[in-house]
Structures are given as structure tokens and as C-alpha cells.
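This report refers to the structure that appears directly beneath it.
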Amino acid sequence: SLGSEEELFTITLDEARRIYAEPKRRGRAAAKPPLKRLGDNDVSGKPMSVKEGRFGPYVTDGTTNASLRRGDTPETLTDARANELLSERRAKDAEKAAAGPAKSTRKSTKKTAKKAAKKATKRSTKKTAKKAAKKA
């Protein structure tokens, strides 16, 4: 790609073709290697590892991710503590799934508004019909 906007005016046709022929760089970057490898998880049996994420270090077994707490560091994290963090995370996820989606109260307000609008239109049509009957 071009280094600056100034190059738009000074680039030659050959340079433009060379840049256009380069492969496009899209998508996410390659996954970073884990900071530390741990033993297998008690529940899933998969190997655990500590990785650096967008919001700080976390422990994962490939399916479940759990953030490290303030006192935990990747270097001093033990297998037992990693198992504990992953178990807490699984319990929290199960709790959310059991609670189900939150109920919304918007539907009832929409229905009452529609009913009020219908009544208003009925009244106005009745009034115009009465006025027309009086004139005739």
C-alpha cells in the first residue's frame, strides 16, 4: 500500500501495478502462542493454557475461557487454580443459560397505543357521518 497521500500524485504506472499485485492483508492476525502450558482440565480432559487476550491474561481449555483475577499471574498460576477458575466460569455460564432470556414489556404498551388510535378514528368517522346526516 501507499505510504502517504502524497504518493498518489507521484506514483508511476509500474509501481501501481506492483502494489496492486501484492496479496491483500485482511482478517485477524495469527494466533499468539500461549504464555504458559498447564496440565489437563479435570472436567473436559483437554490441555489448559494461559494466553494473553484483549482484556488481559486468561486460562483456556479450548472451549471455556476464564479471566485471571487480580492476584493471579501467568507465571505463578498452578493447575489447581486454573481448574478452579474454569469451574467457576462453567457454573456462571450454566446459571445464565438456566435463567433464560429476559422478558420485555414493550409489547403491552404498543397494543394500548393501537387501541387508543382505533377508538379515536372511530369517533372521528362517527362525527363526520352525523354532520353529513344533519346537512341532508
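A Cβ is built for glycine as well, from the same backbone N, Cα and C atoms used for every other residue.
Annotated features, as they stand in TrEMBL:
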type: REGION; residues: 22-136; note: region 'Disordered'
type: COMPBIAS; residues: 86-96; note: compositional bias 'Basic and acidic residues'
type: COMPBIAS; residues: 104-136; note: compositional bias 'Basic residues'
In DSSP terms, the compositional bias 'Basic and acidic residues' (86-96) comprises 11 helix, 0 strand, 0 coil
Who are the long-range neighbours of the compositional bias 'Basic and acidic residues' (86-96) in its own chain, taking Cβ under 8 Å and residues 6 or more past its ends? 41-43, 48, 59, 61, 64-66
